[in-house]
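Q: This structure is in structure tokens; I'll ask about it shortly.
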Amino acid sequence: MALERTFSIIKPDATARNLTGAINAMIEAAGLRIVAQKRVKMTREQAETFYAVHKERPFFGELVDFMISGPVVVQVLEGEGAIAKYREVMGATNPENAAEGTIRKAHAQSVGENSVHGSDAPETAAVEIAQFFAGNEIVG
Ligand code: RTP
Ligand code: MG
């Protein structure tokens with residue numbers, strides 16, 4: 001399998017509870033390398049662009065409000081099959097369905113406030129990484 005990069009967000013519910021380090025430890029324990037990371041407060045425009053794919057969904061407004069409600073930590077993770085591996089480490093979107101040992105099982109509060117985001121495909125990973133990081137900010 002090829003070395004791959006995925007985009008990750010530690011969401012406001014997690015930064016509010018000081019869980020950045022605990023989540024990073026789970027990411028690193030899974031064999032993923034954090035090759036870029038910064039803490040930012042997203043603007044409404046950034047959050048709307050980021051989640052544009054969901055703009056017709058009933059939860060869109062709530063999702064954008066949540067994503068700008070506090071700081072987030074945006075990251076690039078690198079590893080063999082990083083996209084699928086990180087989705088596994090995150091667990092199901094709804095923490096009630098998330099497997100034991102996953103980030104969402106351990107930390108998520110609800111289907112909306114679910115602690116982390118991870119890209120779902122190579123194309124979306126590339127677009128999401130480019131929205132938040134310049135090439136020279138990523139050190140593999
Ligand atoms: P993400 O994009 O954040 O990595 O999560 P995901 O792929 O597991 O879930 P997705 O279907 O892409 O949904 C994006 C985010 O929208 C919020 N959501 N709320 N209230 C609801 O029913 C609902 N459904 C989704 C979650 O924050 C989810 O992560
Ligand atoms: Mg998604």
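Positions of Cβ are set from backbone N, Cα and C atoms, glycine also.
Predicted automatically and left uncurated, TrEMBL annotations should be read as such.
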Q: Say TrEMBL lists K11, F59, R87, R104, N114 as binding ATP: which of T20, T93 is in the same site, per that record?
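A: Answer per TrEMBL: T93.
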Q: Quick test of your reading of the structure: among the binding-site residues K11, T93, N114, whose CB sits under 6 A from ligand 1?
A: T93, N114
Q: Quiz question: given the recorded positions K11, R87, R104, H117, which has the greatest number of C-beta atoms lying within 10 angstroms of its own C-beta?
A: K11
